[in-house]
């Protein structure tokens, strides 16, 4: 999109993933209906932006820099930019500008106030990224329970689910309040995303010296092999799927339209991490799906 090209992160932040097309493909799995075009664009931009933030924590910086970056995002004030090193200034300004754009866009329908909920989720995930970065830099390995309590947020699904409602005119403040309580279906979805991601990315993270991974934490806590830990995480994914389906079928205070976004976010995980491979980080795995959906015509 023009927005992504204008940011030019490919040049200014060469460590970051360039995944604009993959981000939009992801959102097509969340809502394919034409009336959700605004929602798709907002969600795609957020996925692209959180990838930049995630890659910043993964690939760059020292604890002190991450601490200042995290604090600046909690304060959410452009005046904080002067505290940051140059490479962090780029993503910080882009992040604040993006949410300003959301507020301006939603103000046309009198809904700018709901952007607050998405901002709070962004602040939350950044706090949790900071914890993970400290673990990595300091060589700390948490217990698997401590790991998961932090890693559910860094799955991105608290943030992305909240963001998925921004462009839906039917999503009211009450829906955002409900989501902010972390209902069971959201917890299950975040768990699903987390453990499936951990299985798919284990070898890559191990190769770059990451010891505080879910699989490694489970292996140490229970004295088991990699294969057993992977099987346990797969079992956790299956339980999470059952919880998602159960919550979809039972009476809830929100409509099917609202719940379907959560269900579809779960479904797209199956595509992204098909055969335990990370299709987002390695887009060649995604390419056949993208071509089939957005390029090839349907034969009649």
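Numbers run from 1 along the shown chain.
A Cβ is built for glycine as well, from the same backbone N, Cα and C atoms used for every other residue.
Note that the coordinates shown come from a computational prediction; the quantities given were computed from them, not determined experimentally.
Taken from Swiss-Prot, the feature Mg(2+) 2 binding site covers 54, 58, and the record attributes it to similarity to another entry. The annotation Mg(2+) 1 binding site is assigned in Swiss-Prot to 54, 58. Positions annotated as Mg(2+) 3 binding site by Swiss-Prot, on the basis of similarity to another entry: 197, 201, 205. The motif 'DDXXD motif' annotation in Swiss-Prot covers 54-58.
Location within the structure of each feature annotated in Swiss-Prot.
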residue	record	Cβ contacts under 8 Å, 6 or more apart
54	Mg(2+) 2 binding site	129, 154, 156
58	Mg(2+) 2 binding site	133
205	Mg(2+) 3 binding site	213
Candidate with the highest Cβ count within 10 Å, taken from the binding-site residues 197, 201: 197
Residue counts (helix, strand, coil, in that order) that DSSP gives for the motif 'DDXXD motif' (54-58): 5 helix, 0 strand, 0 coil
